[in-house]
Amino acid sequence: MSQAEFDKAAEEVKHLKTKPADEEMLFIYSHYKQATVGDINTERPGMLDFKGKAKWDAWNELKGTSKEDAMKAYIDKVEELKKKYGI
């Protein structure tokens, strides 16, 4: 697992033939943020921002996960999605 593999996966996920399910997208989003930013560093969105709260909660669940572990999980998930949805 390398930065180049991670960058390639981040590009490939944009070209899937079908949009992944919301839960799959939350996994991709949260692991990307953990790998690139680290632990969450923002306040939880307001009560009516349902999408923002879901994304924040997914990222917050990864607090303490290393950059390397987040990158590996992200790459593995993108590979799974490529097989499921095509590219």
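Heads up, the Cβ atoms here are built off N, Cα and C, so glycines get one too.
Swiss-Prot has this to say about the protein:
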- Ser2: N-acetylserine (MOD_RES)
- 2-87: domain 'ACB' (DOMAIN)
- Lys8: N6-acetyllysine (MOD_RES)
- Lys14, Tyr29, Ser30, His31, Tyr32, Lys33, Lys51, Lys55, Tyr74: acyl-CoA binding site (BINDING)
- Lys17: N6-succinyllysine (MOD_RES)
- Lys19: N6-acetyllysine (MOD_RES)
- Tyr29: phosphotyrosine (MOD_RES)
- Lys51: N6-acetyllysine (MOD_RES)
- Lys55: N6-succinyllysine (MOD_RES)
- Lys55: N6-acetyllysine (MOD_RES)
- Lys55: N6-malonyllysine (MOD_RES)
- Lys55: N6-(2-hydroxyisobutyryl)lysine (MOD_RES)
- Lys77: N6-acetyllysine (MOD_RES)
- Lys77: N6-succinyllysine (MOD_RES)
Quiz question: given the recorded positions Ser2, Ser30, which has the greatest number of C-beta atoms lying within 10 angstroms of its own C-beta?
Ser30
Please give the acyl-CoA site's span as the largest CA-CA distance among Lys14, Tyr29, Ser30, His31, Tyr32, Lys33, Lys51, Lys55, Tyr74, to the nearest whole angstrom.
20
Long-range same-chain neighbours of Lys77 (N6-acetyllysine), Cβ under 8 Å, sequence gap at least 6?
Glu24, Phe27, Ile28, His31
Looking only at Lys8, Lys17, Lys51, Lys55, which of these recorded positions has the biggest number of Cβ atoms within 10 Å around its Cβ?
Lys55
Given the binding-site residues Lys14, Ser30, Tyr32, Tyr74, state which is nearest to Lys55 (N6-succinyllysine) when distance is taken between Cα atoms.
Ser30
Residue pair Tyr29 (phosphotyrosine), Tyr74 (acyl-CoA binding site) - Cα distance, angstrom, rounded:
9
